[in-house]
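TrEMBL has this to say about the protein:
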DOMAIN    33-313  domain 'ABC transmembrane type-1'
DOMAIN    344-558  domain 'ABC transporter'
TRANSMEM  35-55  transmembrane segment
TRANSMEM  67-86  transmembrane segment
TRANSMEM  141-162  transmembrane segment
TRANSMEM  168-187  transmembrane segment
TRANSMEM  282-298  transmembrane segment
Amino acid sequence: MKDNNPADNLAWRVIWRQLISSVGSQARMLRRSMLALLLAAFMQGIAFACLYPIIDALLRGDAPQLLNWAMAFSVAAIVTLVLRWYGLGFEYRGHLAQATHELRLRLGEQLRRVPLEKLQRGRAGEMNALLLGSVDENLNYVIAIANILLLTIVTPLTASLATLWIDWRLGLVMLLIFPLLVPFYYWRRPAMRRQMQTLGEAHQRLSGDIVEFAQGMMVLRTCGSDADKSRALLAHFNALENLQTRTHRQGAGATMLIASVVELGLQVVVLSGIVWVVTGTLNLAFLIAAVAMIMRFAEPMAMFISYTSVVELIASALQRIEQFMAIAPLPVAEQSEMPERYDISFDNVSYRYEEGDGHALNHVSLTFPAASMSALVGASGAGKTTVTKLLMRYADPQQGQISIGGVDIRRLTPEQLNSLISVVFQDVWLFDDTLLANIRIARPQATRQEVEEAARAAQCLEFISRLPQGWLTPMGEMGGQLSGGERQRISIARALLKNAPVVILDEPTAALDIESELAVQKAIDNLVHNRTVIIIAHRLSTIAAGRKHSGDGRGTGG
């Protein structure tokens, strides 16, 4: 996707393009709704313009003219009502909800396509803020703020243009108010843009801090650091409060200045009209109608800059969404090819996480024979995890080739590669669902019997029988009800159920007590049979049956 110059990112046409892109299949209805609101604002201006001849006919006692213009006013008012009802129907007829739903689906689909290495650099709370907060900011206010802005701009502008037809002097003075708003808007826009972007980023960071604080509460309390972390979180709250206060203070000053200019301009209109009435060059009815319109339009016009700040908020959300959607997925070959054997090779692979960083892997060549157990052993930072991440294609190396059974993994679709590899992580993630669903996630179409067989081989039945609802016991967020060893065995049950030919074991027994380690080791023995197995370990003593060892992960391993 083409990047926009930051200075132009919040131009109205760019905002409109991003908005139309974000509503997906509802773009046609959004265009119709916006057009209806525009015409409604125009017709309301026509209705206000009818006040001139109505009041004039009323003061002169001209009943036929009064009836004619009253009918014209009624028609304009009814058309305005119908058009506005149709325009606002984007919300109440369900198009807004559908557009929001589709946008979240597209963001979710993009979440699946984003390279995992890039995704892991973010924080869960920030991603939550993007998928929920930015979507809500993007769409929930669009119709309401569009209606307000059109009423603020188009309606008085139309009424002023109609006034030119009745009395060019009064119409011209009224029209002069609008050019006064333009320089103030462009003066305030850069500051509003920065403020809304800064506020949006601050909200995303704070969302990440809150999620991190909640998820880490057990560790924080165990370490006695919850008070320190609470103070740090409170400092972030205070920083956001100060930022919001500063933003509101700066915005209030600009709003008061704009309001003063608008009020001054409207007073000029009234005073000019009074002078012309006194001198006999303006009909009193026209002045009364002008004063009525001024009283109607004064407050919305004075709040014009405040309304546009909401537009900047929407634009900032649109920009965050567009940036996320612009993240390119890893390339996939047009013609895929499944391997017929399951040996793994790294051929002269070099990889760095960020441009300018040192190499995590530098000209590494490794081989993992099929149906054997191989170990990657070394200190933290040696590149062990990087090897497995590249094998699972979290990212692509800058140099070299990784293949399974002689097939470059870049020639496999993500689904094909995923079907070949099972992973037992050191930190097991369990979803807030039943135990049965947490195992079955490895192969959703598996029968209950197949799930139970995998659990039996993974040594899970003993602790499942002790759970209050057995297989249907909810695990709670992150599986908090289970011990570390029990979570590891569920992870192994997943791998057994998936039945992939390649298995990666990431320090599976490193943090377990002796009893849990024995149970997990039995489960691993059942898992690794006749599979290509890669074990990650920090010490050789962790590996009992490993046949191959890679030293520091930065050269050629045997």
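Even glycines carry a Cβ here, placed using N, Cα and C.
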Distant-in-sequence neighbours of the transmembrane segment (282-298), which means Cβ under 8 A and at least six residues beyond its ends: 48, 51-52, 54-56, 58-59, 152, 155-156, 159, 163, 166-167, 169-170, 174, 262-263, 266, 269-270, 273-274, 276
Contacting positions for the transmembrane segment (67-86) when only residues 6+ beyond its ends and CB under 8 Å are counted: 32-33, 36-37, 39-40, 43-44, 46-47, 50-51, 53-54, 57, 147
Average pLDDT across the domain 'ABC transporter' (344-558), rounded to a whole number: 81
